[in-house]
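Novice: Mind having a look at this structure? Questions to follow.
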Amino acid sequence: MAKLLKVHGSENKFFLMDQTELKQPLTTHEMQKLVQFLTDPKHHILNGADGLLVVNQSKDPKALAEMRIFNRDGSEASMCGNGLRTVSRYLSEKTGQDHFIVSTMGDNLHEVSREQDLAPKVPAFSVEIAPVKFAPSAMPLHKLGDHKIIDQLIPQFIKGLKFSVIAVPNPHLISFVPKIDPTQLGHLGKYLNGENPYFTDGVNVNFAKILGKNRIFVQTYERGVGFTNACGTGMSATSLAFVLTHPQDGQFNHVITVLNPGGMVRTKVMKHSDGSYSINLAGNATFTHQLTIPEADLHQGEFSLSEVSIKDTHEEDAYQQFVKAVKAKEHLN
Ligand SMILES: N[C@@H](CCC[C@H](N)C(=O)O)C(=O)O
């Protein structure tokens with residue numbers, strides 16, 4: 001029998017599978033099939049999810065493990081910030097270590113650490129989001145020019161809005177708006193993740209509202225997923241855009257509170273002596289359920305609910321209490 005976890009970071013929900021515990025690791029094709037099955041709510045496996053996080057042995061001896069992230073549509077992304085926090089907790093509990101390195105696609109290395117719990121039964125981890133790249137090297141762009149795009153009007157997207165393009169290293173488009181209009185965000189997100197001349201590989205689209213000094217609210221339409229409760233790399237890239245474009249409100253090396261539809265994270269944006277940037281992303285790493293399932297079903301990529309045994313961890317109630325307290329403090333409903 002194989003074990004999976006259902007996890008979330010700011011309600012950005014994933015199934016987590018440790019391939020090192022399987023008799024036979026899944027092929028990439030098998031994982032792409034499995035993620036599409038598991039995350040589809042119509043299969044009734046805990047109402048689906050946004051993606052699948054996979055733990056592998058890392059090729060890099062400096063890393064404790066490797067994380068891969070598959071989106072709901074089967075595509076693989078280079079990085080996942082909320083997912084990495086939950087993978088970090090999983091590895092921390094497995095090995096007893098509180099500070100270590102995890103590798104991701106492209107042999108990128110991320111320092112991760114256990115943080116003080118956000119509330120009783122709300123464990124927290126912080127992860128390093130890097131490398132940071134800017135357009136045009138960050139992603140294949142067409143018709144937007146061959147220069148950095150930071151706070152630039154792009155009337156082809158939405159008239160009157162300014163956009164920034166930052167990869168961390170998965171691609172993000174960011175706009176600061178006076179009021180987030182989810183319909184407008186959905187239209188742009190769908191357009192730029194379909195056949196379009198601008199982002200041939202798709203892009204995660206983030207709308208942000210400035211709430212005050214070092215405080216923002218971010219909502220994301222994710223590539224390969226659609227609307228999510230939160231996107232960790234999106235909130236990190238948006239924090240960098242915030243300090244670059246609104247220096248009167250967003251500061252380097254200061255904690256930035258980032259509220260999102262699923263809760264809250266804290267980021268810190270750093271500029272290093274070689275001119276590069278990195279972002280520290282800290283927030284909850286919640287395990288909601290443990291699933292036990294025949295390993296053959298994972299390879300098959302489809303199964304009936306009756307073959308899965310599911311145990312509730314009862315962490316979600318504590319997380320919801322935490323979110324209620326955050327919303328009350330922030331005067332959000
Ligand atoms: N939700 C993730 C990002 C997942 C990958 C993204 N959809 C992409 O395709 O780049 C996060 O928390 O960062």
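If you go along the chain as it appears here, the first residue is 1 and each next one adds 1.
Each residue, glycine too, has its Cβ placed from N, Cα and C.
Keep in mind that this is a model prediction, so the values were computed, not measured.
Copied straight from TrEMBL:
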type     : residues                                                                   : note
BINDING  : Asn12, Asn71, Gly81, Asn82, Asn170, Asn204, Glu222, Arg223, Gly232, Thr233 : substrate binding site
ACT_SITE : Cys80                                                                      : active site, proton donor
ACT_SITE : Cys80                                                                      : active site
ACT_SITE : Cys231                                                                     : active site, proton acceptor
Novice: Please list, in sequence order, the residues in the chain of Cys231 (active site, proton acceptor) that are at least six apart in sequence and whose C-beta is under 8 Å away from its C-beta.
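Specialist: In sequence order, Asn12, Gly81, Asn82, Asn204, Asn206, Val218, Thr220, Glu222 meet the Cβ cut-off.
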Novice: For the substrate binding residues given in the record (Asn12, Asn71, Gly81, Asn82, Asn170, Asn204, Glu222, Arg223, Gly232, Thr233), what is the largest pairwise C-alpha separation in angstrom?
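Specialist: Across Asn12, Asn71, Gly81, Asn82, Asn170, Asn204, Glu222, Arg223, Gly232, Thr233, the widest Cα separation comes out at 16 Å.
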Novice: DSSP secondary structure for Asn170 (substrate binding site), reduced to helix/strand/coil, please.
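Specialist: Note: Asn170 (substrate binding site) is coil by DSSP, not helix or strand.
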Novice: Using the CB centroid of Asn12, Asn71, Gly81, Asn82, Asn170, Asn204, Glu222, Arg223, Gly232, Thr233 as the substrate site centre, which other residues of the same chain sit with their CB within 8 A?
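Specialist: For the substrate site the neighbour list reads Ile69, Ala77, Met79, Cys80, Gly83, Thr220, Val225, Thr228, Cys231, Gly234.
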Novice: I want to check the contact list for Asn170 (substrate binding site): same chain, sequence separation of six or more, C-beta distance under 8 angstroms. What comes out?
Specialist: Ala77, Ser78, Met79, Cys80, Asn204, Arg223, Thr233
Novice: Would you identify the secondary structure of Gly232 (substrate binding site) according to DSSP, in three states?
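Specialist: The residue in question, Gly232 (substrate binding site), is helix (DSSP, three-state).
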Novice: Below 8 Å Cβ to Cβ and six or more residues apart, same chain only. Which residues does that give for Gly232 (substrate binding site)?
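Specialist: Non-local contacts for Gly232 (substrate binding site): Gly9, Ser10, Asn12, Cys80, Gly81, Asn82, Gly83, Leu84, Arg85, Val127, Ile129, Val265, Leu281, Gly283.
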Novice: With H, G and I counted as helix, E and B as strand and the rest as coil, say where DSSP puts Asn12 (substrate binding site).
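Specialist: Reduced to three states, the DSSP call for Asn12 (substrate binding site) is strand.
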